[in-house]
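**Student:** Sharing the features that TrEMBL gives for it:
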type	residues	note
REGION	1-25	region 'Disordered'
DOMAIN	33-348	domain 'Acyltransferase 3'
TRANSMEM	37-57	transmembrane segment
TRANSMEM	77-96	transmembrane segment
TRANSMEM	108-129	transmembrane segment
TRANSMEM	160-181	transmembrane segment
TRANSMEM	188-205	transmembrane segment
TRANSMEM	211-230	transmembrane segment
TRANSMEM	237-259	transmembrane segment
TRANSMEM	271-288	transmembrane segment
TRANSMEM	300-322	transmembrane segment
TRANSMEM	334-353	transmembrane segment
């Protein structure tokens, strides 16, 4: 979803300190098959939102409407919140071993190869086919390649990158906990973050809300609490945190409907929005309590692998494909053909870029971070020798 597409803008321990062990149990290292499927569903929801609703309704992306799916697709913008819940679950799992360098290396290797490829493809497509609706400059592209454009005020090559900036803020918070050596007390961190979110709802302070991602923190916290239940069992406190997050998520989602309706000149059903958010919490709790049945036994690796590149590449390239082919070709052919095209491109990015270079980049980052850590340790020892 583009930054201009945010809904209101353009779209088992039973105690508080119940720790996650420094080294997770074997169960905590298992692959959670259902997460791959959920990722893909969330990505498709966003794709259909853009293709069947936002592109035409926004009036600034494409002239091709798709009324067949529009009444359903307009709710797809809530797919991003599911991504944030999944991220809370997965990132806490990734960080559970307590190693900051491994965490940073894994995040760089996971995010950057596909991002570089998709950002480059989108930039080239804009230069060739952008027309009057899409534009990008070389300096803008180079800043975008750092994945930090949203923090320095440079427009994104593709608006969907806004959610990556939110994710990076979450990674930074988790990284800070790792740096302090406190990931074993993840539950305390989550509780304090949740408390801060509640306070900021009552007494909004803009900079603090942005720092603590208050608009979306309920989803990250709920997902992370689900991981604690999945890996260490349920407790009244963990379920209580999720319940509070549910209330906050409902408040955020229902409170944003009016702005969304005004911006896109449409009507939204509050019951549908509430049901979507409730569905996310129910599904994540089913995963947390290992009650997903055959869905948990099946592997959805291929679907999960396509999710990240699909999310990155679909929007602007898809709109440009619409603008080239419509109205010359039948809109159904254009719509489904474009979807097939971006799925193919996503597969190629995964196979040719992520598989080939992700592992090498992770090892290189681990070596560099290891060397930096060793250098810092030596410097600190020289400056502050023990007595």
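Placed from the backbone N, Cα and C atoms, the Cβ positions cover glycine too.
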**Student:** Could you pull out which residues elsewhere in the chain have a CB under 8 Å from any CB of the transmembrane segment (271-288), counting only those six or more residues past its ends?
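**Tutor:** Answer is 32, 34-35, 38, 75, 78, 81-82, 85, 89, 219, 222-223, 226-227, 229-230, 234, 242, 245-246, 249-250, 253-254, 257, 296.
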**Student:** Cβ pairs under 8 Å only, please: of the recorded stretches 37-57, 77-96, 108-129, 160-181, 211-230, which one is richest in them relative to the transmembrane segment (300-322)?
**Tutor:** 37-57
